[in-house]
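Everything on this sheet refers to the single structure shown next.
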Amino acid sequence: MLLDTHYHLDFLSDPDAFLAALDVQVVAQTVLPSSFTPGPLRSLGYHPWWVASDMDKQLELFDDAVHLTRFIGEIGLDFSPRRLDNADLQQRAFRHIVSALDEGHVMSIHAVRSASAVLDALEDCPATPIIHWFSGNSDELTRLIRMGGYISVNPRMLETKRGRAFVKQVPADRILLETDFPSSREQVETEHARDVSQALHETAAAISSLRGTDMVPAILENQQRLFGVS
């Protein structure tokens, strides 16, 4: 069974009904620690877009919940022009989060125009990093892989020449699937369970075509290694 390693379940009004309709599994991201609920494949996160939201309280909630799950996300840094105003807060929150993790944790990381800063912060972190929708450069990807990291690939990543090049560059044992659905709370009604399954299967097929070999066995092995889903 294919696994969507980055899905925003916390954007849904009825997540239980959605999960019941799936024929794949999803790793549920959260954007605020206050929205985290423990459960299988539920991630504890603090998205960089939300770091100004009562940050000290949110980090306290993160610390209280970090022992309840192995999965951490969505976390990270966003240094795109519209997000730079709170870059210092983002870095403070991100460093706090990674300092709380141990080797059993698996992270799903947002790294927009910030891959080097993300990797710098992870140098002494024993948890396993996955950069979702990787958009850095080739050297940063090599550094991520040398640190034991992974990338998760979605359909939009494959729409760009650079994204396709990264998919061919990354070792077979470091690649995972994701949808990043839904992209906002407003799009929940148009992105249904069947869209997730279709997107995962189409992404796996596209990756296989780019690499000239069936990548599904490797992807299944990778998701089993990190998430226990095969």
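Sequential numbering from 1, following the chain as shown.
For all residues, glycine too, the Cβ spot is worked out from N, Cα and C.
What you see is a predicted model, and the numbers here were worked out from it, not measured in a lab.
If you look up TrEMBL, you'll see E74, D180 marked as divalent metal cation 1 binding site. The Cβ of E74 (divalent metal cation 1 binding site) lies under 8 Å from the Cβ of H6, H8, Q29, T30, V31, S43, G45, H47, S108, I109, H110, H132, each of these being in the same chain and 6 or more residues away along the sequence. The secondary structure of E74 (divalent metal cation 1 binding site), as reduced to three states from DSSP, is extended strand.
H110 (divalent metal cation 2 binding site) falls within a strand when secondary structure is assigned with DSSP. What TrEMBL records for H110, H132 is divalent metal cation 2 binding site.
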Which chain-mates of D180 (divalent metal cation 1 binding site) that are at least 6 residues away have a CB under 8 A from its CB, listed by sequence?
H6, Y7, H8, H132, W133, N154, R156
Please state whether DSSP places H132 (divalent metal cation 2 binding site) in a helix, a strand or coil.
strand
